[in-house]
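J.: TrEMBL lists B:CYS86 with the feature active site, nucleophile. Among the features that TrEMBL reports, active site is placed at B:HIS196, B:GLU198.
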Amino acid sequence: MKARVIVTLKNGVLDPQGKAIEGALGGLGFGDVGSVRQGKVFDVELTGSDKAAAQAELEQMCEKLLANTVIENYAIEIA
Amino acid sequence: MKTAVIVFPGSNRDRDMFHALELITGTRPQSVWHTESTLPDVDLVVVPGGFSYGDYLRSGAIAARSPILKDLVAKADSGVSVLGVCNGFQILTEAGLLPGALMRNADLHFVCKEVMMETVNTATRFSSKFVKGQVWRCPVAHHDGNYFADENTLKQIEDNGQVVFRYANGTNPNGSINDIAGIMNAKGNVLGMMPHPENLVEPLQGGLDGRILFESILNAA
């Protein structure tokens, strides 16, 4: 089973890297970029086949390691 | 005073810390590898600077899940002094021993220079030898030192006097909120700071300002 975990910065948390990317896009001539926020994607392959169990396990993975919930949100997609 | 330093793959300021601790306490610290399960019986445990696990995922994130951390949390709960410097500070926040998080420096640059520090709380076991408001020199070397905490947490740590050190005289090198350079936990036995006091403890290093912090801990032990 394949899963994708998307980790993004919470609203209100400054993202200097996103800001730099935003500036670089502007420099390339993309004039309609309002803002950019940088995040992370984890593709996780799981050996089990129970989707509900996988969802619960992935949530634990996010809480315990993949995301720092002080500053980040996470979203889980199971294929 | 007995001390121990935890060493992770990628730690690189551990020897500086051994040197400073031995110089000031007169006793060689014990080195503890991150895979060990128990810390020795000491007065102070230090989590040193460096780039544990190459800063993969987030600075300090993987080290904070090392086997030795379980005992570090237990020791901290029992009141043992814990000091985290630079990557050590990042590890302590990732482990939940200190509030907040350390983010990429606001200007995105790695900073390696000297800053000015102000000791804003001297009623702690880490800062009792400073004079309140004392401004002192300290080197920094980091990429992720931009301290962040949400509004409620920030208010709480400010109101509780948990902010021990701030960057002074406009030398905040990383965009840290409220110029925060070092904070402690609510109980007052765990301190994390980005600057490196262990790198200013003898004349060869250009000054002795960092000694005051270690002498405070020694005084409290």
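Each Cβ is built from the backbone N, Cα and C atoms, and glycine gets one as well.
Not measured: the values here are computed from a predicted model.
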J.: Give the sequence-ordered list of residues that share a chain with B:CYS86 (active site, nucleophile), lie 6 or more positions from it, and have CB atoms under 8 Å from its CB.
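T.: Residues satisfying the criterion: B:ARG13, B:PRO48, B:GLY49, B:GLY50, B:VAL140, B:ALA141, B:HIS142, B:GLY145, B:MET193, B:MET194, B:PRO195, B:HIS196.
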J.: Using DSSP with the three-state reduction, classify B:HIS196 (active site) as helix, strand or coil.
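T.: DSSP assigns B:HIS196 (active site) to coil.
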J.: Among all protein chains shown, how many Cβ atoms are found within 10 Å of the Cβ of B:HIS196 (active site), not counting that one?
T.: 23
J.: Tally every other Cβ atom lying within 10 Å of the Cβ atom of B:GLU198 (active site).
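T.: Cβ-Cβ neighbours of B:GLU198 (active site) within 10 Å number 30.
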